[in-house]
Amino acid sequence: MDNLDLIADEVRKCQKCKLWKFRKNAVPGEGNSKAEIMFIGEAPGENEDIEGKPFVGVAGKLLTRLINEILGLSREDVFITNLVKCRPPNNRDPEEDEILACSPYLTRQIESIRPHIIITLGRHSTSYLFKKMNMKMESIGKVRGKFYTWNIYGYKILVFPTYHPAAALYNPPIRKVLEEDFRKVKEALSSKPITLDNFLYGSGDKGEKGNSNSGK
């Protein structure tokens, strides 16, 4: 099993795609190596590129508040990372070749941590994991707010898509939905394992209808 520090060192030295030419710092991710909850975003932004840490800008502050105030946890209790570990120029969307080159690091992180719940933030990380689960990705607004079961590495991970915090910064309705989604995760965490099935909708569920905003 990979050590997270080893993976992080590889990420910082990585030149597998063109993004290394533009970065100040690669951003491997950080948090608890035995976290029950893992957050996966899209890619680092300007602040993350400067500091080499995930979600430290304005969107990151919102994520931290949601973790603290709704989940009742600290950033040190969870693990936070991105699908792509280097900042795309001008914060553009990651390109397919960049995702292909970088995603093996994420796969190894998931295998090392073995979280109980993965919260995908926005359409890019959600789409990537849905492909891994052999599921069709609709808009983030349609699939968010539900748990999907991913049987991988010989055990079960619950994947929970929601909006990227950046999509909620200047959109009060999306922020409200994001907060509601975090409350669902809190409720699941507070439930006994036998009742957790109440929150599972399985791979056949397409998610409730919602705002079709890209949600980052």
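Cβ coordinates come from backbone N, Cα and C, glycine included.
Secondary structure from DSSP puts Cys102 ([4Fe-4S] cluster binding site) in a helix. The annotation [4Fe-4S] cluster binding site is assigned in Swiss-Prot to Cys14, Cys17, Cys86, Cys102.
The uracil binding site annotation in Swiss-Prot covers Gly41, Glu42, Ala43, Phe55, Asn82, His164 and is backed by similarity to another entry.
Reduced to three states, the DSSP call for Cys86 ([4Fe-4S] cluster binding site) is coil. Closest by Cα distance to Cys17 ([4Fe-4S] cluster binding site), from the binding-site residues Gly41, Phe55, Asn82, is Asn82. Local packing around the Cβ, expressed as the count of other Cβ atoms within 10 angstroms, is greatest for Cys86 among the binding-site residues Cys14, Cys17, Cys86, Cys102. Rounded to a whole value, the Cα-Cα separation of Cys102 ([4Fe-4S] cluster binding site) and Asn82 (uracil binding site) is 10 Å.
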